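Right, one structure below, let's go through it.
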Amino acid sequence: MDIVVGVSGGIAAYKTVQAVRLLVKAGHAVTVVPTEDALRFVGAPTWEAISRHPVTTSVHDDVARVRHVALGQGADLVIVAPATANTIARMAAGIADNLLGTTLLATEAPVVIAPAMHAEMWRHPATQANIATLRARGVVIVGPEDGELAGGDSGPGRMSEPESIVERALAVVAPQDLAGLRVAVSAGGTREPIDPVRFLGNRSSGRQGVAVAHEAADRGADVVLVAANVGADVLTAALHPRIRIRPVGTAAELGAAMKEEAEVSDVVVMAAAVADYRPATASDQKLTKEGGRLERIELVENEDVLAALAASRAAGSAPARQVLVGFAAETLTDPAARRVRARRKRERKGADLLAVNLADAEHGFERADNAVEIVGPDGTIVAEAVGAKQDVAAALWDAVATLRGPASSEGQ
Ligand code: CTP
């Protein structure tokens, strides 16, 4: 494959050297297009040696071959890593006053970017709006990760590791193995109202469900994301031309939405943390200590949505060969005990696959990283994934695709 790797001016450029090395090693022809600024971090000789191709930043070199458009036209894939806030803004606006800019405008190939910047710059509404614009155009955004940044700060903004950038980028050009599938994914955590200002909730951010939805859409599926209280920052990651978002609040709302979607979905993934109980009554007035009604809250059990979806499938109100996937966050650290619990849970709920998530201090809720084992219909572990939630999502869809078998048997 002909791959263009654009590099903008950030310290993370040193990590892109490794990404280029991996791509070359995998047999791809890589042309590196650094910005002027990028060369202050890693010089042209390094890029040339590692990519085995000449490097230039100028639109005026090699004019006879109209290099400023030829590179983009000939590319099968364009990766920009690191993508600084400035480069992201220029991409969103379509500015083309350097070779990277013209290449990006001239290409019809998939574009994958790996942002890297300070957390404040990443969170800034201008950057977020630019990212939303790029996503809506189909640009794939990898990361940024949460972690230590240059200068000792920490927060979201660190460029993803070269291995995951390469893996994600190559996946984008991978066959659309989920094309034509209708998928419903629940994400986030439900909130069960106690009174107008209080609720029973949980710490699910929705990141895993959003990653699952996004991966499916990247691989060609049409996705409905039923989002329970997912923050706006996390939800931006779900912007995709093939993802429709349905916001919900309570377990009952989530259940109703998922039942409706499941009737027309080939794959249903329950990644949301659904409250098992809700207050028996939600007061329409704020409860007060004086009133003495805050000491004890009576709870009633919520319906198990996943089990209900399995029951309606068994009753015939789901498309043929529908696959049901559950998630389970477990705090048991002993792997054997965790597996026993997971097998039982999968059977009890009637799901085909159960992705078991170790939710300790290092993994799971509110964290970018995750460790997951996927239990299959016969109780064996059919897949394992450790790393970014995107990696977990990729493993999950591989397992779903294997379970459904070749697309040619569709409709049987
Ligand atoms: N789930 C659901 N409806 C509920 C509770 C959970 O659909 N009322 C789904 C979750 O979305 C998840 C799976 O069931 O896919 C497992 O969730 P988990 O909270 O681990 O299961 P529980 O039934 O709550 O089991 P326990 O609390 O006993 O661990």
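Cβ atoms are placed via backbone N, Cα and C, with glycine included.
TrEMBL lists 1-182 with the feature region 'Phosphopantothenoylcysteine decarboxylase'.
The domain 'Flavoprotein' annotation in TrEMBL covers 1-171.
Per TrEMBL, the feature domain 'DNA/pantothenate metabolism flavoprotein C-terminal' maps to 178-402.
According to TrEMBL, the feature region 'Phosphopantothenate--cysteine ligase' maps to 183-412.
The DSSP secondary structure for Lys286 (CTP binding site) is coil. In the structure as shown, the Cβ atom of Lys286 (CTP binding site) sits within 10 Å of 11 other Cβ atoms. The CTP binding site feature in TrEMBL is assigned to Asp276, Lys286, Phe327, Lys345, Lys349.
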So which of Asp276, Lys286, Phe327, listed as binding-site residues, have a Cβ under 6 Å from an atom of ligand 1? Asp276, Phe327
What number of additional C-beta atoms lies within 10 angstroms of the C-beta atom of Phe327 (CTP binding site)? 26
Largest separation between Cα atoms (Å) of residues that the record links to CTP, namely Asp276, Lys286, Phe327, Lys345, Lys349: 37
